[in-house]
């Protein structure tokens, strides 16, 4: 079997730059700024004084849930078609442009209270963002030998966090004076500014990343759609051969549900439950991005040394301890005060949130690299489609669950489900055999003449 050589550095850089570009969307729109604009400014407050933003939180989670379900329905099919037709780059481009247009269109929400248009645009933009993530990830197995994929994936996540940090800095500098209706005319520009950053940041990807030729020729008279359905059915039948990939995808389901909640609700939690100040929010974001970047790159090297499974498990254990600490943040602050340490609940949350944040990039990087390791190159698009299915279905259930639970139990208690999801993921991942999974991928390529 021919071993994949490492791609030229310019091509790897081009691929990494897509993470730099699209991080502006997930960071500005989903995690830090627009989530609050939608939940706290655009959607009217509820009559519940204990949780006045419960309706906005719920609608934000529901919009993400619906968008992820659309990704689940289309992801494996798009992956199969893009693999067979060698049009991954074309699919990536159109998802990129569509996300940019729908994100810029958030400006069209003229007044607070007109949440319906925002709800629809979040669904559309997040659908194209998540679809683009799958298309971009399917290039990973072509960029180097399997033993280097953890490092390459880590570079991309690390560069992505730099993009997230820079995009939020630009938006907060130019647009956001305060998170209230009186400043809404300024807040409207968050969408267009994010779209411009995404547009410019993604240009190197399409200049430097090459398209890869299909491993099979399209049968004469057969359309890509019908071929795609057949490929999808074939993938579902053949995936049973890759036992460890199946077990891992089940494990990934729970960890991605947890991460989706963290990404969408962490700053909502900090503002609504912990009452962090704007300065503390900025400190948390900057520290979180920096340590997430370091964590992604560091654990990429660790993964190449000790293996993807062990690295993934370490990040899950780290998450569980950090989340338990965040739940008991008030008790930790009180204990520190009793020892003579003058620290507020808010700053304890910033510290624990920063520590937890260092696991975001490493967990995501390890999860993507494991699929790259277990996927034969000839089926990379299909298997990354299944990765998208597992992760996005989990995200849909995760954000919907937290939206419902926070209406019943308030946000603090509902957030405990994140630690539970990570623990279940850890238990399932114990049964993954990394060496066997890699060997199965090699056997498949050899037996199918690749």
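Glycine too: its Cβ is placed from the backbone N, Cα and C atoms.
Because TrEMBL annotations are produced automatically, they should be read as predictions rather than curated entries.
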Annotated transmembrane segment segment (source TrEMBL; candidates 212-230, 345-363): 345-363
Contact check, the transmembrane segment (187-209) vs the transmembrane segment (91-111), 3+ Cβ pairs under 8 Å, seq sep 6+: yes
CB contact flag for the transmembrane segment (117-140) and the transmembrane segment (384-405), at least three pairs under 8 A: yes
Residues from the same chain, set at least six apart from the ends of the transmembrane segment (245-270), whose C-beta lies under 8 A from its own: 26, 30-32, 35-36, 39, 53, 57, 60-61, 64, 68, 239, 276, 280-281, 284-285, 316, 319, 349, 353, 356, 360, 363-364, 367, 370-371, 374-375, 383, 386-387, 390-395, 397-399, 401-402, 411-412, 415, 417-419, 421-422, 424-426, 428-429, 431-432, 437, 440
Stretch-averaged pLDDT - the domain 'Major facilitator superfamily (MFS) profile' (244-450): 89
Residues of the parent chain within Cβ reach of the transmembrane segment (12-39), under 8 Å, 6 or more residues beyond its termini: 6, 53, 56-57, 59-60, 64, 92, 96, 99, 103, 106, 115, 118, 122, 125-126, 129, 132-133, 136, 139-140, 143-144, 152, 155-157, 159-165, 167-168, 171-172, 176, 179, 187, 190-191, 193-194, 197-202, 204-209, 263-268, 271, 285, 289
